[in-house]
Amino acid sequence: MFFALLFLIGILLGQVQGWSEPRIRLSSGALAGTDVILESGSPLQLVCEGDGPVTFLPRLAKHKRYISKEVGKIRSFRVEKTTVDFTGTYKCVYMNGNDSNLSSSVHVFVRDSRVLFVSPSTSLRYVRKEGEDLLLPCLLTDPEATDFTFRMDNGSAAPYGMNITYDPRKGVLIRNVHPGFNADYICCARIGGAEKVSKIFSINIIQRLRFPPYVYLKRNEYVKLVGERLQISCTTNNPNFYYNVTWTHSSRMLPKAEEKSTMEGDRLAIESILTIPSVQLSHTGNITCTGQNEAGANSSTTQLLVVEEPYIRLSPKLSSKLTHRGLSIEVSEGDDVDLGVLIEAYPPLTSHKWETPTSHNASLPENRFFNHNDRYEALLLLKRLNFEEIGQYTLNVKNSMKSASITFDIKMYTKPVARVKWENVTTLSCRSYGYPAPSILWYQCTGIRTTCPENTTDLQPIQTQTVEFQKESFGAVGVESVLTVGPNRRMTVVCVAFNLVGQGSDTFSMEVSDQIFTSAMCGSTVAMVVLGLLLIFMIYKYKQKPRYEIRWKIIEATNGNNYTFIDPTQLPYNEKWEFPRDKLKLGKTLGAGAFGKVVEATAYGLGKEDNITRVAVKMLKASAHPDEREALMSELKILSHLGQHKNIVNLLGACTHGGPVLVITEYCCHGDLLNFLRSKAENFLNFVMTIPNFPEPMTDYKNVSTERMFVRSDSGISSTCSDHYLDMRPVTSRPTNSALDSSSECQEDSWPLDMDDLLRFSSQVAQGLDFLAAKNCIHRDVAARNVLLTNSRVAKICDFGLARDIMNDSNYVVKGNARLPVKWMAPESIFECVYTVQSDVWSYGIMLWEIFSLGKSPYPNILVDSKFYKMIKCGYQMSRPDFAPPEMYTIMKMCWNLDAAERPTFSKISQMIQRMLGETSEQQDTQEYKNIPTEAEAEQQLESCDPVKHEDESFETSCDQEEEDQPLMKPNNYQFC
């Protein structure tokens, strides 16, 4: 209809312009009809004349070169010598597009006795879709040919149902083609009694698709965290190439997907991969993959959920036949119970485990676990439950970021059993256990009897008030009723306990008098008083016993200078630190304390498979308290949390499974800095004496020998062996093991100390403490005894709380229920129990005094008593140590500033010492030796402080929160003393 309308419009336009159809004639004259018949080799000249510019449209495009070049109202088509190829229809049209519907045509037959049919010079293979029409250009060169037929090339007739129309001027028209028509065909006709055939036409009909493409998504839902990468694969296939795949989202545009095409038998498979590099909350919704072909479209949809945080959600799934209230389940003996839990989790679960009352047994209940995308179902099958199997059943699950658990409490219906007990002269108690909770009734019968007969008038309920209370015991509920009777009574009582399951009873005969009551009451009272006093004394002694704890603390700043300590037990432990216990060979003990010890060990395969490394191993004693084991695990977690640094004793591994906890750290062969300084004191003095004009210092080290054995050191560990880890001299004449890791070799240190060494020790410790401060870690026990030395005299910070006998170490003073290194502590730590990085700076200043006095104890000749606390509170500072340059003493005084905010940072301290290290090669310290102030001098300095209101106060304060009456205590949130 539409094309007919266009044709009419074209005619009307031509009429409006006054044009008529162009006219075709032969050069020799007018046409006799619409056909022109020529012999092969004859000339052909057609002339077209119209009302405007015209041109010819020949059958073959290559014949356009025979059209005259001039453009005008008259055009000619001229061929000097024709062939059968010129057979066809020639059309004359206006060149103006508006007049394309005005045309004329003529058909030319070029006869040749050898050729009856002409065909296009292009391919004779025709491909059509099922249901379309197909025109085969099988043209006759002679209109007088007869007996035209159309058949297969093999001689068979055309297929049944083929609708054929033949026009000698156009060819064979096949309507509504079908895949059954696929074959090779020829046209046949007779001329002069002989049959002639055309070239072979090959027909290939593509079957019409009756079904949309197959579309498949592996998952019907996805869960992702914000920022994660999403990749969805959509698998499709189709019988041919004529289809496409698209992606759509319920609310937003999606990026272009990548496609991979393969052949699967006779079908084409396209895998479309949609990738979103970083999902956002707005991506939440339905994502659809659609495959479309001529038969229609097919799609598959998946749901995407984008969340901000990981999650684990647990919900119980219990049979409706079970009697339960929430997670509490009531069963009878011999029942079967299925405990089901529905789990939703992302990231995916990494582990799941049931904990049952019989987990210690070799045979556990049957459990099943099902997984579908990010949803799971855990099922525990309990068959024929008995009394030993009742209790709590807990499912623990975790993924890479969270953990969760759910607990079912199974209780078994139990018939009650009653037991009567004589508490004292006038009191009886009846206890019964059962489930549900039993009820108790008392009955009496006169006289002394073994039983009271039932259903008689002698058995009477006791009209007295009873007190009942419930308590859980092994899944059953315990009920106790107390009966009070008067003196001078002879009676038999019956206690009856009953519940839904049944009842139980017990009979008791009693004879009460006042004399028995008085003596029994007095004896019971005395015994209870003695036991109470003994219990109070034992609790006091137990609380006085110190517990092992790592001094290091991780903090987080909240508001200004207010800090909150992070519970180290909540820090994660990375299993990558686990080291095989069988590859660790323990050696001699390097140090031992009240809670544990440090031993030398050899680790095989640490770092690299063929490495043999000397290490130090921390462990607890066999009698260690569970709290102390948790403290060692906290130390392990803190060390793994901090990471590696050259100036701390670094964690190398740990053994936490299959035995006691072992913490593997670097081995520092030269022991602690305090004893190293003392052992090198004489050499240092000799070195100082060689400096021209250096006055002989009046020190306590004139008679120090390098071979001296320290029976008791400030480190707090008794030692008689020269190579003990804490109270040690440098290792001498140790056999060399070529198989050991070179980093673990210990060379004898025979070099004397010099000023550069003291400055380097100070700088390295400052760098280590700066690293700890950057990690929000407070050391709380900075002292020379807690610094170890490795090869090349590299200082490393450690914590010897495990292997130090603080009970017998004079450096640790009792305050409240703890022992603290008071002489190294900042005022705010002593008086307010506040520990910050600035309090570590104060302790570092004390450690500098130790270094530059070659290991002397700070505040010499001053006892830790009320006077000492008063001196500290009033700002007393030690004088410059024997060998400290003035610049270093300035740093010490900066560290001892009473205002914690005014103390320098470790980074600043490190920079100042580094500058001094650069100047020591050009300068010599000529400062004269200064004696340590005596206690009298300290008192004189104290008097200048003029304390007004603290003269009579005791400074033996405690950090225990219960002792709030102490005048120097201030309430705070940092009670770690």
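Every residue, even glycine, has its Cβ placed from backbone N, Cα and C.
Computed from a predicted structure; not experimentally measured.
Feature list (source: Swiss-Prot):
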type	residues	note
ACT_SITE	Asp781	active site, proton acceptor
BINDING	Leu590, Gly591, Ala592, Gly593, Ala594, Phe595, Gly596, Lys597, Val598, Lys618	ATP binding site
COMPBIAS	953-966	compositional bias 'Acidic residues'
DISULFID	Cys48-Cys92	disulfide bond
DISULFID	Cys138-Cys187	disulfide bond
DISULFID	Cys234-Cys289	disulfide bond
DISULFID	Cys430-Cys495	disulfide bond
DOMAIN	22-109	domain 'Ig-like C2-type 1'
DOMAIN	120-198	domain 'Ig-like C2-type 2'
DOMAIN	213-305	domain 'Ig-like C2-type 3'
DOMAIN	316-407	domain 'Ig-like C2-type 4'
DOMAIN	408-513	domain 'Ig-like C2-type 5'
DOMAIN	584-917	domain 'Protein kinase'
Of 22-109, 120-198, 213-305, whichever stretch has the most CB pairs under 8 A to the domain 'Ig-like C2-type 4' (316-407): 213-305
Residue counts (helix, strand, coil, in that order) that DSSP gives for the domain 'Ig-like C2-type 3' (213-305): 3 helix, 61 strand, 29 coil
Cβ packing number for the residue listed as 'active site, proton acceptor', 10 Å threshold: 24
For Val598 (ATP binding site): DSSP state (helix, strand, coil): strand
DSSP-derived structure type at Cys187 (disulfide bond), helix or strand or else coil: strand
Of the disulfide-bonded residues listed as Cys48, Cys138, Cys234, Cys430, Cys495, the one whose CA lies nearest the CA of Ala592 (ATP binding site): Cys430
For Cys92 (disulfide bond), the three-state class that DSSP assigns: strand
Nonlocal neighbours by CB distance (under 8 Å) for Cys234 (disulfide bond), same chain, sequence gap 6 or more: Val215, Tyr216, Leu217, Val245, Trp247, Ala257, Glu271, Ser272, Ile273, Leu274, Cys289, Ser300
For Cys48 (disulfide bond): DSSP state (helix, strand, coil): strand
C-alpha spacing of Cys495 (disulfide bond) relative to Asp781 (active site, proton acceptor), in angstrom: 64
Counts by DSSP class (helix H/G/I, strand E/B, coil) across the domain 'Ig-like C2-type 2' (120-198): 3 helix, 41 strand, 35 coil
Rounded distance in angstrom between the Cα atoms of Cys138 (disulfide bond) and Val598 (ATP binding site): 104
Top Cα neighbour of Cys92 (disulfide bond) in the set of binding-site residues Leu590, Gly596, Val598: Val598
Candidates Cys48, Leu590, Gly596 (recorded positions) - the one closest to Cys187 (disulfide bond) by CA: Cys48
Cα within 10 Å of Gly596 (ATP binding site) - qualifying disulfide-bonded residues among Cys48, Cys430, Cys495: none
Of the disulfide-bonded residues listed as Cys48, Cys430, Cys495, the one whose CA lies nearest the CA of Leu590 (ATP binding site): Cys430
Integer Å distance between the CA atoms belonging to Cys495 (disulfide bond) and Cys48 (disulfide bond): 133
